[in-house]
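Engineer: TrEMBL lists these features:
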| type | residues | note |
| --- | --- | --- |
| BINDING | A:Arg45, A:Glu46, A:Tyr47, A:Ser48, A:Leu61, A:Val62, A:Arg63 | FAD binding site |
| DOMAIN | A:1-95 | domain 'FAD-binding FR-type' |
Amino acid sequence: MKKHKVTQVRHLTDSTFVIRFERNGMEFQTGQFVLLGTKGAVDRREYSIYSGENDDYLEVLVREVDGGKVSSKLKKLKAGDLVDVDGPFGFFKFDPQSFQVQQFLFIATGTGISPFHGFVKTHPQLNYKMIHGVRKVEEAYDHDDFNKERVTLCTSGEKGGDFDGRVTEFLKTETIDENTNCFLCGNSEMIYEVFDILSEKGIPTSNIYTEVYF
Amino acid sequence: MKYHVVTLGCQMNMSDSERVISVLEEAGYQWTDNEEEAGVIGILACSVRQKAIDKVYSRIHKWNKWKNNKNLVTFISGCILPDDHEKFLKLFDITFQMKDLPELPKMISSYGITTPTHLNVGIDPHNENIEDFWNVQPHYQSNFEAFIPIQNGCDKFCTYCAVPYTRGREVSRPSKDIIAEVALLVAQGYKSITLLGQNVNSYGLDKKGEELTFPQLLREIGELGKRMKKEFWLYFTSPHPRDMTDEVIEVIAEYPVLGKQIHLPMQSGDDKVLMRMNRKHNMEKYRHIVETIRRIIPQATLFTDVIVGFTGETEEQFENTRKAFDEFKFNMSYTAIYSPRPGATSHRWVDDVPLEEKKRRLHQLTEDLRKHNLPYNESLVGQTVRILVRGEDRKEGFLTSYTEGKLTIRFACTDKSMIGQFADVKITSASDFSLEGELVEVAASC
Ligand SMILES: Cc1cc2nc3c(=O)[nH]c(=O)nc-3n(C[C@H](O)[C@H](O)[C@H](O)COP(=O)(O)OP(=O)(O)OC[C@H]3O[C@@H](n4cnc5c(N)ncnc54)[C@H](O)[C@@H]3O)c2cc1C
Ligand code: SF4
């Protein structure tokens, strides 16, 4: 476990923020997560790395969970504070060279967009499509960092996104080539449903990669 | 001075305690079975199970009361979550991590001279000095069965498991030391040796290019077995399906000393549950491994671990686990009822399968196992098999043993000198979980 200094906190909505902290030489592969907590705290949590492999800092995208032990403390961080970081961990690693077919579909709910932000930042030439499910339009976290034409924002709580409704409803209307490499990240309910839909569409299990947040 | 050590938890803690005992004996302390006459008492704790933690509290409160009447130094180590560690700092005189074990006698002798907090070190997940711990020659508890730690820690982060938080990062022990320990044990006449680790088959991945891979390590031990010309069986536990390569299976097939029993934790037979468990293997991968084992080592027995009633496990998902039992016909399953482990990710998720339902699922899988085991065991009747005698059986006048595939066989014999020896037994009858046989060459005193 190492101490890293926070250099910036960007609040994207009332509850969601990006914490940037010193990288201190940590090597990682985009898609991995770190264990993060405030300095000296007993509790730490997993957070996907939001920044790219080539950035000289590390970033995570965090949503404060109601009554959450760690996320509420992280929300109070300011530049100059220290955080405890351990990692990187995980096998949701992303190296486009290791895929025979260069065609990717990213499906996220909420802050589940975080690893995909890292993927795209690290590999800007990627042939991808992303479906991002949120409740409100304001939760389109840093969508400017993605190619607009490749992204579908599904809003379930209000109109104004690219699609009014849940990710799963949108996905049902889509045709997906069975060679597509599908990456799913976010809450398990969405991942379960999407897994079924993709299976029905003939995508083999070996082409589906998942990261469950809760 | 006399000492006593209480070991809680899994095989890994048991193996660690052999080294703790060895360090204390080396420093001149003498073992006592009676806690009350000990001047030093320690616990190897396990935060992974709530019951084990409850036992720590009841023990330490009792020992701390004894301190009113006598000098007593208490220590704690093992698999401890940061949260529990904080609490133990106040209750125990010494808390240390296994990697600092060689320093334990120094910590005990300087206790009272330095301040207690000086002796309490925080949890460091990096396991950098763990080699000092491995270099301690253990005090083996048996003279024919031994466990050798080959790796410590885990980087897999299954959502139901706290081990990555208690034991820190995966670190592989140098292969030359492992091979030397195997050679020493074999030379001393050990018959059953198990390589231990949270993820044995990811051995070497933390030192890619500098250390042997797991199949290479097995091959070296296989070659050692050939050179030493002594009979022994070498096992390993637990492997992770994610890192189980065809090469591992091929090497097991190639060398007679590599035990033809494979423990392959499945945890669930449903892909969605596996995703939520963050197991990073799916049923397709698991099926491939089992098919490879059946093709290359048809005589191998297959053991597994399964959790029933994991957060959100539906009836349909449980039925998929039953189907997997039908398909893979395990010889043994260590089936556990899911209970949230403090510190693990899933501890934060609702534990929504009612206990009664979890019990029903456990019972159902036990019945399924029974159903598949019986015909398999019956097919062995009439065969003569090699066995390792392990001790006296509960049935009077019988000894208990296991086959190379770790199937339990009892046979009529009262000659206790056979314990720890290999023998040949003809199987005469079978039940769902055990076999009975008769010695092919009867010892004079049986
Ligand atoms: C591999 C992995 C990567 C993760 N990456 C991220 C990330 O990049 N960004 C991020 O914000 N979170 C991420 N999480 C979730 C994160 O680790 C914490 O669970 C979350 O921040 C809540 O922690 P807490 O201590 O505040 O809440 P706790 O006190 O632990 O309470 C958590 C409660 O909130 C629920 N919960 C957890 N996460 C959420 C959520 N996002 N929305 C709604 N309810 C939730 C839990 O099921 C639980 O009931 C990740 C989780 C995992 C396993
Ligand atoms: S259950 Fe998973 S996290 Fe726990 S020790 Fe095994 S592989 Fe590691």
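Including glycine, each Cβ sits where the backbone N, Cα and C put it.
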Engineer: When you look at A:Arg45, A:Glu46, A:Tyr47, A:Ser48, A:Leu61, A:Val62, A:Arg63, which the record names as binding FAD, what is the longest CA to CA distance in angstrom?
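Structural biologist: If we measure all Cα pairs in A:Arg45, A:Glu46, A:Tyr47, A:Ser48, A:Leu61, A:Val62, A:Arg63, the largest is 12 Å.
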Engineer: Who sits close to A:Tyr47 (FAD binding site): which same-chain residues at least 6 apart have their Cβ under 8 Å from its Cβ?
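Structural biologist: Once residues fewer than 6 apart are set aside, A:Tyr47 (FAD binding site) is near A:Phe33, A:Val34, A:Leu35, A:Leu36, A:Val60, A:Leu61, A:Val62, A:Ser114.
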Engineer: Using Cβ atoms and a cut-off of under 8 Å, determine which of the binding-site residues A:Glu46, A:Tyr47, A:Ser48, A:Leu61, A:Val62, A:Arg63 neighbour chain B, and list them by sequence position, or give 'none'.
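Structural biologist: Out of A:Glu46, A:Tyr47, A:Ser48, A:Leu61, A:Val62, A:Arg63, A:Glu46 lie under 8 Å of chain B.
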Engineer: Write out how many residues of the domain 'FAD-binding FR-type' (A:1-95) are helix, how many strand and how many coil, based on DSSP.
Structural biologist: 5 helix, 43 strand, 47 coil
Engineer: Including all protein chains displayed, how many Cβ atoms other than that of A:Glu46 (FAD binding site) lie within 10 Å of its Cβ?
Structural biologist: 19
Engineer: Near the FAD site, what residues other than A:Arg45, A:Glu46, A:Tyr47, A:Ser48, A:Leu61, A:Val62, A:Arg63 in the same chain have a C-beta no further than 8 Å from the centroid of the listed C-beta atoms?
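Structural biologist: Apart from the listed residues, the neighbours are A:Phe33, A:Leu36, A:Val60, A:Ser71, A:Thr111, A:Ser114, A:Tyr213.
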